[in-house]
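The structure under discussion appears below in the form of structure tokens.
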């Protein structure tokens, strides 16, 4: 069976047919709008093999989100620096992803734990069409170091299988999206385990899907490479989704091509 390469197919499509656009960082991009890719999580874990993805950073970032944290201190303690460019001198990032996931503020002064609420619906009302978690809190965007790129996601259960669809408003295809795919695939595995479900699909939907002009050489190199089989994910059982540790998450048989470095557009 041929190896599915939806991410690489999108990368090639944007590289070849994308529209030249300016952007906030002043770097310049080529871009397509409204793209979608799908992975069957039962056929392997979608950690890219056409270049090595730093999975340690993926796992720790997701655990950091699930902690409801928004200070880079905890990440730095574990050797992860992917958020440092946007942090204040004290390490703060404002009310970004983790804060919104775990402690969305209400007008009455209360807070909503969206992850716990989503899990409760998966267990008690899996056919609900309201199993959604949003990081896009319009009223708090000015306080965020960076407005959410991956803005909200929805869970869907069919035949005992849990699928997740993410909407990403702004998609740095070369650097950011490989992390996002792996992160939300991992979150889907965790949520499925906690709800007593198998995994279904991870569907990634992108708004502004772009390749930065200073990433074109790296993208071209990546697209020359032959894809390899996806690894398998091994996840320890925990009583709560908030109890997972880095050691609970293991990818097996991951044999990627070497990493490709590229500058981050800040």
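Yeah, the Cβs are placed from backbone N, Cα and C, and that goes for glycine too.
Taking Cβ-Cβ distances under 8 Å and a sequence gap of 6 or more within the same chain, the neighbours of residue 149 (active site, nucleophile) are 168, 169, 170, 171, 172, 176, 180. In three-state terms derived from DSSP, residue 149 (active site, nucleophile) belongs to neither a helical nor a strand segment and is classed as coil. Positions annotated as active site, nucleophile by Swiss-Prot, on the basis of sequence analysis: 149.
The C-beta environment of residue 24 (dUMP binding site), restricted to residues of the same chain at least 6 apart in sequence and closer than 8 Å, is empty. Annotation note: residue 24 (dUMP binding site) sits in a coil segment as assigned by DSSP. Here Swiss-Prot flags 24, 129, 130, 169, 170, 171, 172, 180, 210, 211, 212 as dUMP binding site, drawing on sequence analysis.
The annotation (6R)-5,10-methylene-5,6,7,8-tetrahydrofolate binding site is assigned in Swiss-Prot to 54, 172, 265 on the grounds of sequence analysis. Sequence-distant contacts of residue 54 ((6R)-5,10-methylene-5,6,7,8-tetrahydrofolate binding site), defined by Cβ-Cβ distance under 8 angstroms and a gap of at least six in the same chain, are 259.
Using a 10 Å Cα-Cα cut-off around residue 265 ((6R)-5,10-methylene-5,6,7,8-tetrahydrofolate binding site), the binding-site residues 130, 210, 212 reduce to 212.
Cβ contacts within 10 Å of residue 170 (dUMP binding site), excluding its own Cβ and spanning all protein chains shown: 19. Of the binding-site residues 130, 210, 210 has the largest number of other Cβ atoms within 10 Å of its own Cβ.
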